[in-house]
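For reference, the structure is listed below as structure tokens.
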Amino acid sequence: MGAQQTMKRFVRLLLLVQAAAVLLSGPGAAELSMDYYAMSCPYAEYIVRNVVGQALMKDPTLAGSILRLHFHDCFVQGCDASVLLDSTDDNTAEKDAPANKSLRGFEVIDSIKEALEAQCPGIVSCADVLALAARDAVFMARGPYYGVPLGRRDGSRSVASDTFLALPPPVKNVTLLIQIFDNVGLDVHDMVTLSGGHTLGIAHCANFKDRIKDEVDTLDASLASSLGSVCRGGDSKTAPFDRTSTRFDGVYYRELTARRGLLSSDQTLFESPETKEMVSMFAMYPDYFFYAFQQGMLKMGQISLKEGDEGEVRTSCRVVNS
């Protein structure tokens, strides 16, 4: 039996046990529940899926944006919807920090929350809305489907300065990226896996213009020329992370092996000995990437949870309850 057949059989086996792995997928899993809203808001997941579906039909690029919202939420103060809170006169919130200025999709979350409040007021947390919306966005972009344990509570702290050391920057430094993920309980494999979320979405020139100038040896010449043309329009201009940026697939990793990574933090995963083999595996076996991504998202979605009496269920995701 060839190596490729062996890997395919292995991936199929992993997918068969995925449901059982949900309950063992990370800290906090025992406190969350797959049927948390079964009695209190039985149509919660349907409502989330319906609103996300309508949004993506109008603008497929929002799939990456919604996934990024969940990511940026969980890495700062844990998965507590702190990224959704608006700034006030005496506080600059996370969403207005430099690393979050380009976040999109807030209006989709608002629409989901409004629909949920009309159906079952005060029941479904904004943190759970984000986790469900990210899952549905990935699935509707032809990515893997995974169960989302529910029962998170919403936090009340959202401070821009909390993002400064918490969010992975677009730099060529695997050691730093590994440390940032380790700070929230995610390992090297999780880091390479979750970076695959960049199979969806775009980045601004401000985040890759230095790569064009300084990383000639690890940047495909044709891509460098194309990105240079983009950046002549200014820092706010954008380019897709890969050639299929509205479809969740393994192209992101194949691009890295061809030295077509958009950000320094993308390409360095293939250039660094600690992570190169994992990138090659995901590029060769996208089914394995899908499985790993399911597990990585389950683990990430349980970072520093607020549960029970800790936190609240916001009526509006943009403001704390009065």
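The backbone N, Cα and C atoms fix where each Cβ goes, and this holds for glycine too.
Shown in sequence order, V83, E94, A99, N100, L103, T163, L167 are the residues of the chain, 6+ apart in sequence, with a C-beta less than 8 angstroms from the C-beta of H72 (active site, proton acceptor). Positions annotated as active site, proton acceptor by TrEMBL: H72.
Residues or ranges marked as Ca(2+) 1 binding site by TrEMBL: D73, V76, G78, D80, S82, E94. Around V76 (Ca(2+) 1 binding site), taking its Cβ as the centre, 28 other Cβ atoms fall within 10 Å, counting all chains.
D242 (Ca(2+) 2 binding site) counts 22 other C-beta atoms within 10 Å of its own C-beta, drawing on all protein chains shown. Positions annotated as Ca(2+) 2 binding site by TrEMBL: T199, D242, D249.
Using a 10 Å radius centred on the Cβ of C41 (disulfide bond) and all shown protein chains, the other Cβ atoms total 19. Look at TrEMBL and you will find C41-C120 (among others) tagged as disulfide bond.
Neighbour density for C79 (disulfide bond): within 10 A of its CB lie 30 other CB atoms from the protein chains shown. Marked as disulfide bond by TrEMBL: C74-C79 (among others).
Per TrEMBL, the feature disulfide bond maps to C126-C317 (among others). Counted within 10 Å of its Cβ, the other Cβ atoms near C126 (disulfide bond) come to 30, all protein chains included.
Taking Cβ-Cβ distances under 8 Å and a sequence separation of 6 or more, the neighbours of C205 (disulfide bond) in its chain are L227, V230, C231, G233, G234, D235, S236, K237, T238, A239. If you look up TrEMBL, you'll see C205-C231 (among others) marked as disulfide bond.
Residues or ranges marked as domain 'Plant heme peroxidase family profile' by TrEMBL: 31-321.
Taken from TrEMBL, the feature signal peptide applies to 1-30.
Residues annotated as site 'Transition state stabilizer' in TrEMBL: R68. The local packing around R68 (site 'Transition state stabilizer'), expressed as other Cβ atoms within 10 Å of its Cβ over all shown chains, amounts to 22.
Summarising model confidence by region, the domain 'Plant heme peroxidase family profile' (31-321) averages a pLDDT of 97. Within 10 Å of the C-beta of E94 (Ca(2+) 1 binding site) there are 26 other C-beta atoms, taking all protein chains into account. The most densely surrounded of the binding-site residues S82, T199, judged by C-beta neighbours within 10 angstroms, is T199. Most buried of the disulfide-bonded residues C74, C120, C231, C317, judged by other Cβ atoms within 10 Å, is C74. Remark: of the binding-site residues D73, D80, D249, the most isolated position is D249 (fewest other Cβ atoms within 10 Å of its Cβ). The Cβ of G78 (Ca(2+) 1 binding site) has 21 neighbouring Cβ atoms from other residues within 10 Å, across all protein chains displayed. With G78 (Ca(2+) 1 binding site) as the anchor, the candidate recorded positions are C41, T199, D242, C317, and the one with the nearest CA is C317.
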